[in-house]
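Asks: Next up is a structure, given as structure tokens.
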Amino acid sequence: MGTTKVTPSLVFAVTVATIGSFQFGYNTGVINAPETILKDFLNYTLEERLEDLPSEGLLTALWSLCVAIFSVGGMIGSFSVGLFVNRFGRRNSMLLVNLLAIIAGCLMGFAKIAESVEMLILGRLLIGIFCGLCTGFVPMYIGEVSPTALRGAFGTLNQLGIVVGILVAQIFGLDFILGSEELWPGLLGLTIIPAILQSAALPFCPESPRFLLINKKEEDQATEILQRLWGTSDVVQEIQEMKDESVRMSQEKQVTVLELFRSPNYVQPLLISIVLQLSQQLSGINAVFYYSTGIFKDAGVQEPIYATIGAGVVNTIFTVVSLFLVERAGRRTLHMIGLGGMAVCSVFMTISLLLKDDYEAMSFVCIVAILIYVAFFEIGPGPIPWFIVAELFSQGPRPAAIAVAGCCNWTSNFLVGMLFPSAAAYLGAYVFIIFAAFLIFFLIFTFFKVPETKGRTFEDIARAFEGQAHSGKGPAGVELNSMQPVKETPGNA
């Protein structure tokens, strides 16, 4: 195999794909900053329509729906990933669904002029479906165009896109930028611009070579794309690996979601994929970000919105750090470090919130604990669950597996968002102890069950799980991790 390198074609393709990740992050964070203004819009619109003041219960229900419908859309979208990628391909799927983002942006952007609550809610639903699809398309495409030795680093760019999107939404949501009563429609409708940019750039990106060879049997085109992306003429080893996988796929029928759960070959990697997605959401990160302004306010911070943006900056910086570490330390190690660090920080957050009224310094401890907590999240649990799912499965079951894992991620995201306020009201500062318990459980699970995928081909990983399924062994971390990755040579460095 020739020496692979980071080519302009590869960087361009991955960067354009991560615009979808940016959209997910932006639309996750954009609803939080103008909360008061949007509630006023709901109140005014309903008052005009009902010719009476709406009840507090109706307003609360509608606001909750505006927030939660995004996650419901995400569940629908993530579960529909396979329907698109198997029929249209990875690149063309990303191109097609941008139409959803444009329609959603128009609905949200013109909701105020039309005085329509329904347009706002429908727009949030459609942008949720779009983002759910993106959380499947982007990691899959990046994983399939990246060289084995760089797959983890490029996979982390998916998470970088998400956190940059959240940060941009937080900054643009400031009242003196777009978070004002006059400009909030522009804040929500801004999602149209990345959709148009990505639609314009995607035709210049190649289709996934794995999709072309394995699904479409277009070997010559796949070879040409691989050579251009990786900057080497010698891609014989990768092409042969894809051809072997293509032969295996031709001997099997299309893998459906139901068959994923039935086949002993897929049960263990699917379990790992689901638990890793849960480890991301049940770590408490979204609870911290959804309610960070309130947490900082409770901790005594004078300008909590700026502290929240500070957390977003830390989020972004440590995602970049993870990008450089993931191919050195490995996925499994970084994930465990992240989970362990977050568990410790959760305990410190609890202690500082309990003692802040008695000791002024505890407000500072709380802020530092949150910032370090966010840093540990981006070291492991943030980026790794997204791209490791694509690594654990071969071409056939990959779309269905990503759909199931993505749906679990969105569902747990939705449940945390719905249940955290009640849990926080009932348990107070002790609520973060629940997250600490989850984090410890996920740390133990990762140690015993999650394999190291660094430097290993998709085929190698799939065969390891198949061998264990046939021998009746579970995927204990020691067993699978005792297998050596592809030996580092100039060809895969």
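Quick reminder: no glycine exception, Cβ is built from N, Cα and C everywhere.
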Asks: Same side of the membrane for L38 and K112, as recorded in Swiss-Prot?
Replies: yes
Asks: Of S246, S471, which does Swiss-Prot mark as phosphoserine?
Replies: S471
Asks: For which of T148, T156, T232, T453 does Swiss-Prot record the feature phosphothreonine?
Replies: T232
Asks: How about long-range neighbours of the transmembrane segment (400-420): same chain, 6 or more residues beyond its ends, C-beta under 8 Å?
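Replies: Non-local partners: 64, 67-68, 71-72, 74-75, 78-82, 132, 135-136, 139-140, 255-257, 259-260, 266, 269-270, 273-274, 276-278, 280-282, 284, 286-287, 290-291, 385, 389-390, 392-393, 431.
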Asks: Any contact between the transmembrane segment (305-325) and the transmembrane segment (154-174), i.e. 3 or more CB pairs below 8 Å with pairs at least 6 residues apart?
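Replies: In contact, yes.
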Asks: Enumerate the residues of the same chain, Q159, Q280, Q281, N286, N315, E378, W386 excluded, that satisfy the criterion Cβ within 8 A of the mean position of the Cβ atoms of the recorded D-glucose site; list them in sequence order.
Replies: I162, V163, I285, F377, P381, G382, P383, P385
Asks: Taking only the binding-site residues Q159, N286, E378, which one has a CA atom nearest to the CA atom of T232 (phosphothreonine)?
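Replies: Nearest in space to T232 (phosphothreonine), counting only the binding-site residues, is Q159.
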Asks: Record lists Q159, Q280, Q281, N286, N315, E378, W386 as binding D-glucose; longest Cα-Cα distance in Å?
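Replies: Among the residues the record ties to D-glucose, max Cα distance equals 16 Å.
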